[in-house]
């Protein structure tokens, strides 16, 4: 009654299998299916690593041939602290462009508003809160850049 197999249960098992697949052939078929699935999985993993974009096309990787030290300014409660971090120089940027990037600080850069306000002058970029389309009272609205001349705001 336990978990022992008797010869009658084996004969019953072999009689229920098709005549083309005996117990040893059935096991062999399962193993070959397992190896085919394993091979398919390995090929998928290899294809994933070979098809992914190179490091030069990623906007987050800053790889180059010449390495330089860069200064990064982190704002902390109204104070500006200098953090020295190893970075690599991208392409042939000039020192002024590198300095502008460092001094600009965190966040998005302001747009060029020279021709966005029409004939109105001076046209300056400003940060403005943008409420959502539906009327919702919130403590925080996301901010966006707009060009401002006088009391009017223009899309950059």
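Quick reminder: no glycine exception, Cβ is built from N, Cα and C everywhere.
Taken verbatim from Swiss-Prot:
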type: DISULFID; residues: 113-147; note: disulfide bond
type: DISULFID; residues: 117-123; note: disulfide bond
type: DISULFID; residues: 120-149; note: disulfide bond
type: SIGNAL; residues: 1-47; note: signal peptide
Long-range Cβ environment of residue 147 (disulfide bond), under 8 Å and at least 6 residues apart: 111, 113, 116, 117, 123, 124, 125, 126, 153, 154, 155, 156
CB within-chain contacts under 8 A for residue 120 (disulfide bond), separation at least 6: 149, 150, 152
Where residue 147 (disulfide bond) falls in three-state DSSP terms: strand
